[in-house]
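Q: Before I ask anything, here is the structure I am working with.
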Amino acid sequence: MRKTLIAGNWKMNKTPSEAKELINALLPLVKDSSNDIIVAPNFVSLPIVASLTQDSNIKVAAQNMADIEAGAVTGETSVLMLKDIGVSAVILGHSERRQIFQETNKLINKKISLALQHDLLAIYCVGETLEERESGKFLSIIEAQIKEGLDSISADALKNVVIAYEPVWAIGTGKVATGEQAEEVHAYIRGVLGSMYSPAIAEKVIIQYGGSVNPENVKELMGKPNIDGALVGGASLKPDSFAALVNYNK
Ligand SMILES: O=C[C@H](O)COP(=O)(O)O
């Protein structure tokens, strides 16, 4: 039985003071949840959030990291720095990184390998644009993202990988994929993982859905057999709405 993982990606929102306020308000609201919980603040808020959550059931993720451990890479953040402040996960390949910063499957694959070498949980985001969906080729695009992004990742290392399916057309648009649309892709992704590893290994992988998840639609999505959690943007910025998502099954 796979556990449900609800993760909040705060993106470029919340100053460190606001992040402190948000996490302090959230902690008591989610302390009895049976689900796994991750929050992903911006880099400058990571130390305060990691410190305030260290004895709690909330884990902390970065929203990105560099593809090498150290060096002359102005403006980047290393896996070693994340580990040093108590970060335990990292979101990689988010569509905003792919679109705004031209991140490719190959680069993301390097980052995933490095994160796994350092025992970070890698939340690997995949998903199609509206154009790709309408072209009818979206499943093969997602297949390539999975195969190239996870190239050379061993079955053992895969235990520390979560896949987040985020249709780009549903991110921040209020246009959520229907349970059926999401389930179709999740089942497809599990099939691709099954062909790369084995069906038994694929069965254990957590596959989250992301894209306009809110307290009204979360139950329908989480009720699907291959949807094992949510990667949430907008609705993770308020303690009450994120807590309602985390506690959707209470
Ligand atoms: O990482 C989170 C996603 O991009 C979803 O964002 P959203 O919930 O604001 O649509």
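Heads up, the Cβ atoms here are built off N, Cα and C, so glycines get one too.
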Q: Taking Gly71, Gly75, Gly149, Gly172 as the options, which does TrEMBL list with Asn9, Trp10, Lys11, Ser212, Gly233, Gly234 at the substrate site?
A: Gly172
Q: How would DSSP class Asn9 (substrate binding site) in three states?
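A: Once the DSSP labels are grouped into three classes, Asn9 (substrate binding site) ends up as strand.
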Q: Out of Trp10, Lys11, Ser212, which binding-site residues have CB atoms lying under 6 Å from ligand 1?
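A: List returned for ligand 1: Ser212.
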Q: Quick one: which residues besides Asn9, Trp10, Lys11, Gly172, Ser212, Gly233, Gly234 have a Cβ within 8 Å of the substrate site's Cβ centroid, in sequence order?
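A: Here the non-site neighbours turn out to be Asn13, Ile171, Val232, Ala235, Ser236, Leu237.
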Q: I'd like to know which of these binding-site residues, Gly172, Gly233, Gly234, is least surrounded, judged by other CB atoms within 10 A.
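A: The binding-site residues Gly172, Gly233, Gly234 were compared, and Gly172 has the fewest Cβ atoms within 10 Å.
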Q: What Cα-Cα separation, expressed in whole Å, is found between Ser212 (substrate binding site) and Glu166 (active site, proton acceptor)?
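A: Distance between the two Cα atoms comes out at 9 Å.
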Q: Taking Asn9, Ser212 as the binding-site residues to compare, which has the smallest set of other Cβ atoms within 10 Å?
A: Ser212
